[in-house]
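Enquirer: Quick paste of what Swiss-Prot says about this protein:
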- 26, 28, 48, 51: Fe cation binding site (BINDING)
- 104-114: compositional bias 'Low complexity' (COMPBIAS)
- 133-153: compositional bias 'Basic and acidic residues' (COMPBIAS)
- 4-60: domain 'DPH-type MB' (DOMAIN)
- 69-153: region 'Disordered' (REGION)
């Protein structure tokens with residue numbers, strides 16, 4: 001009987017559509033991996049290719065009976081994985097289409113511009129309070145003037 005490093009549920013693993021494996025971070029910095037084919041065959045050991053650690057994967061074999069495709073047939077584009085509440089590991093990003101990236105870029109840029117507007121509004125409010133209190137020669141005011149001159153260029 002092998003000596004397992006840990007026991008993990010399949011729901012804790014993330015799906016890598018490029019390598020077509022479920023993966024989970026390993027303490028060595030690499031990742032434990034197990035394929036759908038291994039799960040269909042009843043295997044329950046995920047191996048880290050960089051070190052000697054193995055984990056036992058806990059899953060309900062009956063949930064995996066529905067997978068009638070082989071790993072080679074999965075190249076057709078559809079990935080039939082169970083729903084999971086886990087998100088992919090940020091160390092292994094998933095490539096998305098250019099339209100999605102462009103959309104995300106526009107969303108991020110609009111968020112930045114709204115933050116700039118909010119900062120400007122707060123700076124204006126602070127400047128007004130400083131004028132009321134008699135502290136007009138303040139570094140915040142000078143910084144604000146420098147920023148506004150940068151915007152004009």
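Keep in mind that glycine also has a Cβ here, set from the backbone N, Cα and C atoms.
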Enquirer: List, in sequence order, the same-chain residues at least six positions removed whose CB sits under 8 Å from that of residue 28 (Fe cation binding site)?
Expert: 48, 50, 51, 53
Enquirer: Please list, for the domain 'DPH-type MB' (4-60), how many residues fall into helix, strand and coil according to DSSP.
Expert: 8 helix, 24 strand, 25 coil
Enquirer: Do you know the mean pLDDT across the domain 'DPH-type MB' (4-60)?
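Expert: A mean pLDDT of 91 is what the model gives the domain 'DPH-type MB' (4-60).
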Enquirer: Would you list the other residues of this chain near Fe cation - those whose C-beta lies within 8 angstroms of the C-beta centroid of 26, 28, 48, 51 - in sequence order?
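Expert: Neighbours within 8 Å of the Cβ centroid, excluding 26, 28, 48, 51: 27, 29, 30, 31, 32, 49, 50, 52, 53.
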Enquirer: Within 10 Å of each Cβ, count the other Cβ atoms and name the one among the binding-site residues 48, 51 with the highest count.
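Expert: Answer by Cβ density within 10 Å: 48.
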